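S.K.: Encoded as structure tokens, here's the structure I'll be asking about.
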């Protein structure tokens, strides 16, 4: 369903917005360091000084971030109040149709037969695939609209689209059998209003970017992310308790709609952030020029509203085509294309834990849909612990020890360092700031020569854990072992962040980085087009085959994770490209690859 999918993506969203123009302009302004005698790259030990110089937080910006965090907590909290009730009501409708009973209640456990469950997953999977397809075409124009008319109205319209989708699906359920249940598929058109979940996340992080400095941005992104995760974490348990106490799922839907309406109305208490940039965007790039043209359409047709509206639509579509072309133009590195294929291939693991897990657990282990909410909450707790405790702990303690020639190259740019090979070796051996930066006290953990190498290994390990977890879920004979498989999945939660960290190495320009992540969002949306229908088809096939084959969809997920590992094995980092190649050759020169490698690795902490 679109509401729970959109807020689920928001809960697991990355700390990079999907709106290329917005992120590029704001990011470029905020990334400018304060004046210094030499560039930042020339001072390997100067990162903390740059941060401290830009860490003056705007009190209004802090309040905006806190309010956005509260809005996302409420919005993502609505997910559990839609997912479980909608699944249960749809199952009950299909069950009554299967048994040919019009009014009399049917025990939920009698609805776990294969024909009912096959129809259930097929309808849900088809709807989610259609929503992803519509979002793929609607996201970019609405993202451009957020640059022109403002973040706040587009954010509210996106939530309005989610509300209309929920109301439509609920109305189809309520008026069944007058309305055929498959009319709920028309709710897939809801992303036409607001753009769907991709725009929701993009606008959210663009607003955070507009009001924060680079030094504070990672912490603010983390704050919004944690608020979103907490909302999605608590709602399944509360929804399960409410369904068990009231005995009906309809009240849950009312609560979910109320939470979405609250989030949509609260956004108008957030000040508009679009024009809070300190400097106007420079029309030096084609994308920025198109943006300025769209923001200042010709005035010759002001007396003709229809003509003006047509010209405005023409400008928006022209800007969308231009931005898409500019975004695709950065895809020159072979390894970057492989990483985009990884983003396309890992979408089934996300869809499997959102829409498939509830009917799968209910069918295989004979539990009510209401009780599956407790398992979803447990999985959410595991994800939070892994994201906020386990992964940062590992990354802080993994030793990153550069090769002697790499340290020497950096030291020769530092006026306070000797230009001798002995000084280069001493930079590793002596207890100085270089050692504090690149070494660790946890000698039992492996060491790497750079942050990018560390991130690549951790990404492979994450997908390996996802593979093992998927196989465990497919073969789990009991619910306890199924939860163990979810724990393995949770340990691999950092796959998306690590993949984006690696992608940033190939695009050192901040404006180009924002375009890259816009393309990444489109690729992930494209992955959603095939993921849900494919998993639903595998689930139906597994039930027809019977026995242990019911876990076939999770075996399919494991296959995609194996594909991701194979793609990562073919990745060559910028410093490793070619014979005797340098990072400058791949990232655009000036040591940008090393700088971005360090920054992208630290952003995960």
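Cβ atoms here come from the backbone N, Cα and C positions, even for glycine.
Caution: TrEMBL annotation is automatic and unverified by curators.
Note that this is a predicted model, so its numbers are computed, not measured.
OK, TrEMBL features for this one:
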COMPBIAS  40-51  compositional bias 'Basic and acidic residues'
COMPBIAS  285-294  compositional bias 'Polar residues'
COMPBIAS  595-605  compositional bias 'Basic and acidic residues'
REGION    1-61  region 'Disordered'
REGION    277-305  region 'Disordered'
REGION    578-605  region 'Disordered'
TRANSMEM  154-175  transmembrane segment
TRANSMEM  181-208  transmembrane segment
TRANSMEM  220-238  transmembrane segment
TRANSMEM  250-270  transmembrane segment
TRANSMEM  336-357  transmembrane segment
TRANSMEM  377-395  transmembrane segment
TRANSMEM  463-496  transmembrane segment
TRANSMEM  516-540  transmembrane segment
TRANSMEM  552-571  transmembrane segment
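Tell me about the setting of these features in this model.
M.R.: Remote same-chain residues near the transmembrane segment (336-357) are listed as 1, 4-5, 8-9, 12, 83, 121, 124-125, 128, 330, 372, 375-376, 379, 463, 466, 470, 486, 489, 495-496, 499, 502-503, 506-507, 516, 519-520, 523-524, 526-528, 530-532, 534-536, 539, 553-554, 556-557, 560-561, 563-564, 567-568, 570-571 (criterion: CB distance under 8 Å, separation of at least six residues from the stretch ends).
When Cβ-Cβ distances below 8 Å are used as the criterion, the transmembrane segment (463-496) is approached by residues 12, 14, 343, 346, 349, 352-353, 361, 364-365, 367, 375, 378-379, 382-383, 385-387, 390-391, 548, 551-555, 557-558, 561-562, 564-565, 568, 604 of the same chain, each at least six residues removed from its ends.
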S.K.: Report, as numbers and ranges, which residues of the same chain sit near the transmembrane segment (220-238): CB under 8 Å and 6 or more residues beyond its ends.
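M.R.: That would be 7-8, 10-13, 15, 65-66, 68-70, 72-81, 83-84, 204-205, 208, 212, 372-374, 376-377, 380-381, 383-384, 387-388.
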S.K.: Same chain only, please: residues at least 6 beyond the ends of the transmembrane segment (552-571) with a C-beta under 8 Å from a C-beta of the stretch. Say none if there are none.
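M.R.: The answer is 335, 338-339, 341-342, 345-346, 348-349, 352, 356, 360, 456, 459-460, 463-464, 466-467, 470-471, 473-474, 485, 495, 502, 534-536, 538-539, 541-542, 545.
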